[in-house]
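Engineer: Annotations per TrEMBL:
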- Cys328: active site, nucleophile (ACT_SITE)
- Cys181, Ala182, Ala183, Pro184, Gly185, Ser186, Lys187, Asp213, Asp275: S-adenosyl-L-methionine binding site (BINDING)
- 1-14: compositional bias 'Basic residues' (COMPBIAS)
- 15-24: compositional bias 'Basic and acidic residues' (COMPBIAS)
- 1-27: region 'Disordered' (REGION)
- 396-426: region 'Disordered' (REGION)
Amino acid sequence: MGRGGRRHRGRSHRNQSEDSRENVPKPLKSDAFSIQNRIWSNLDFEEYYKEQRIVKAEEWDSFIEILRKPLPAAFRVNSNGQFCDEILSILENDFVKSLQAEAVESGELEGIKPLPWYPKNLAWHSNFSRKEIRKNQTLERFHEFLKLETEVGNMTRQEAVSMVPPLFLDVHPHHFVLDMCAAPGSKTFQLLEIIHESAEPGSLPNGMVVANDVDYKRSNLLIHQTKRTCTTNLIVTNNEGQHFPNCNSKRALSVASEKYHHPIDQLLFDRVLCDVPCSGDGTLRKAPDIWRRWNSGSGNGLHSLQVVIAMRGLSLLKVGGRMVYSTCSMNPIENEAVVAEILRRCECSVELVHVSDKLPELIRRPGLKKWKVHDRGGWYRSYKDVPKLQRDGVLRSMFPSGKSDKDSATGGGSSSGEMASDEPAEEEVCDLPLERCVRIVPHDQNTGGFFIAVLHKVSSLPDFPEKLNQRRNMTARARNSYEKSSYEKVSDTVVTQPEDTTEEIIVEEAALDNGLKLEKESTSEEGTVELAKEVVPPVQKGKWKGLDPVVFLRDETVINGIKRFYGINDESFPLNGHLVTRNSDTTSKGNVKRIYYVSRSVKDVLELNLAVGQKIKVASVGLKMFEKQSARECEAGSCSFRITSEGLPVILPYMTKQLLYATMVDFKNLLQHKSIKCTDFVHPQFGQKAAEVAEGYCVVILVDCTQKLECEAVKVNSPTIAIGCWKGKASLTVMVTTVDCDQLIQKLAC
């Protein structure tokens with residue numbers, strides 16, 4: 001807002017001399033408020049949404065007023081975090097009370113409170129904006145608390161309405177879930193939480209999440225965000241959502257299929273989250289710059305892309321599965337119009353699910369049944385009103401009925417920009433059950449704006465008729481509008497530009513995705529694959545630019561060395577076939593530097609992807625479990641691979657060697673001093689055990705004073721507190737980041 005204000009004043013006085021500028025009086029408080037209102041306003045926006053009647057006329061002032069207020073900060077506590085209960089206790093018994101005075105001073109009843117509709121009080125709403133939390137000195141302790149817990153993965157800062165779609169998805173631990181447009185990763189993190197929370201204690205879920213995003217740079221943000229989940233059940237991919245590859249080994253048989261034995265022969269998903277690229281005007285409170293650049297063409301330009309991505313998501317969904325379509329836009333062209341077009345294309349194979357009984361304390365509104373379309377030519381009630389010269393940018397799928405002028409009773413249109421009919425059409429009303437959609441309006445519960453539709457796949461999608469090659473596509477006008485846009489993913493939906501959005505490519509892909517017969521496919525990089533002859537493209541090194549291929553670790557010497565050193569039983573925690581690496585994680589001598597562990601479900605998908613010629617572009621996979629230590633630190637007989645901090649919680653329950661058990665006093669001393677000689681521990685018994693353990697990586701586990709310092713005395717489970725250390729000749733050195741050490745010290749002091 002500050003930058004916008006300076007720009008506004010600069011334009012106001014740019015024709016004045018320097019002397020005259022110095023004499024201009026500073027604006028009074030009332031003047032500043034007027035300037036702010038002019039910055040946070042857009043007459044086109046107000047006219048558009050008044051005409052669309054997204055709220056009642058008597059609510060309009062309240063709607064606009066809250067859009068001009070900063071968005072309150074919201075955050076979630078990680079339900080699988082080691083200190084989940086402790087963090088909730090701190091919030092409820094400390095910050096709820098300590099922030100009360102600051103809230104009253106700001107005109108609010110309370111500083112923070114749980115979101116009433118989120119299960120188990122795991123999500124919280126703050127009446128302070130993120131800027132206030134950063135800048136207000138009285139909120140400094142709360143700010144530091146949020147920063148630390150977020151950095152170590154115990155908490156995620158996320159807009160409240162962005163938390164809703166994963167809850168409507170109804171995810172179970174055995175589900176294969178696809179997050180189609182995932183960056184920056186808050187919803188992916190949430191999906192992984194749900195999968196792990198529902199799994200049996202001490203076991204890895206059978207399900208997995210594929211988090212996809214087309215933008216490689218934003219994929220890195222996604223990888224960083226999800227790293228804090230310490231999960232083996234994730235694949236991050238870097239494909240265009242509308243072109244997400246088919247992986248079907250039945251179509252192509254070769255030697256590769258004999259080499260890789262996988263129990264799945266086609267990659268389909270139980271759940272799909274389709275949080276599509278959008279204009280993002282539901283995030284005006286968080287990104288006020290949208291006020292300045294908003295126009296109705298934004299939604300129009302993205303409409304076709306949204307339809308194609310959603311259709312691709314449905315084609316990847318199993319029969320009986322569920323897909324959630326969502327946007328952070330309030331525009332019916334991006335919301336109800338897209339859902340209506342999906343339902344028309346899918347006919348009876350997909351139904352819109354009524355979720356009014358879910359999250360009862362979430363205030364939501366039904367989807368719209370009627371709306372208009374606005375373009376540079378003005379307002380249109382029906383497609384038959386659109387002049388032919390405007391029909392490259394205004395599509396029939398944008399209207400409630402989805403009918404063209406030829407489908408209507410009035411017949412054909414005219415040319416040269418004249419109206420398609422002499423008489424303007426009546427305003428259309430959609431005959432589909434769009435009231436089952438969910439609209440979240442900002443002034444109902446002091447949030448951003450959001451739209452959600454829950455779709456259930458009843459049967460296989462119908463084949464598209466050939467005439468779709470000439471219809472249902474992304475037009476040149478819509479394409480140009482999209483390419484010129486400068487949208488950013490200000491909530492959880494990144495706007496990404498496809499590499500090739502020609503009409504032929506999009507229509508061909510849409511047809512293929514929905515069951516049309518495909519004889520062959522060809523790209524300049526992959527060569528030609530003739531599916532009729534069942535030929536598979538050869539696996540190539542470095543096939544994807546900027547991404548090294550995922551390689552299964554087959555080195556028995558390395559694998560057996562790890563199992564022996566850490567005492568891991570292959571039956572309880574199998575390593576063979578579950579360890580992968582990449583070319584970039586290999587030295588020039590061929591030695592592996594980093595090893596990742598993947599769950600059974602991820603392993604199956606990777607093998608399928610290899611069998612069909614690596615169609616999926618994998619950016620990150622599994623959990624980094626082992627990392628090679630430098631040679632000078634490894635003595636003869638020790639294992640050169642240490643366990644990573646993120647991998648330790650997963651593998652610890654299965655370790656039987658290199659374990660030490662310390663009481664609170666010695667554990668705290670290690671955290672504070674970072675390195676201690678074995679002879680200097682408070683408890684000599686612990687020091688003696690430390691001296692006896694093999695040199696190399698080891699794990700120190702915290703026990704209470706009533707427990708014996710022996711392996712058999714402690715059962716390792718999720719509440720267990722442990723840290724990785726390096727055992728040298730005569731000392732123990734902590735191998736944990738300073739942030740993690742500080743966080744543990746704080747928790748142990750409570």
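Numbers run from 1 along the shown chain.
Backbone N, Cα and C atoms are what each Cβ position is placed from, and that goes for glycine too.
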Engineer: Reported as an integer number of Å, what is the Cα distance between Cys328 (active site, nucleophile) and Cys181 (S-adenosyl-L-methionine binding site)?
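Structural biologist: Their Cα atoms are separated by 13 Å.
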Engineer: If you draw a 10 Å sphere around the Cβ of Asp275 (S-adenosyl-L-methionine binding site), how many other Cβ atoms fall inside it, taking every protein chain shown into account?
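Structural biologist: Total other Cβ atoms inside 10 Å, all chains included: 27.
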Engineer: Report, as a single number, how many Cβ atoms besides its own are within 10 Å of the Cβ of Gly185 (S-adenosyl-L-methionine binding site).
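Structural biologist: Gly185 (S-adenosyl-L-methionine binding site): 28 neighbouring Cβ atoms within 10 Å.
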Engineer: Given that the record lists Cys181, Ala182, Ala183, Pro184, Gly185, Ser186, Lys187, Asp213, Asp275 as binding S-adenosyl-L-methionine, what is the largest C-alpha to C-alpha distance among them, in Å?
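Structural biologist: Across Cys181, Ala182, Ala183, Pro184, Gly185, Ser186, Lys187, Asp213, Asp275, the two farthest Cα atoms sit 13 Å apart.
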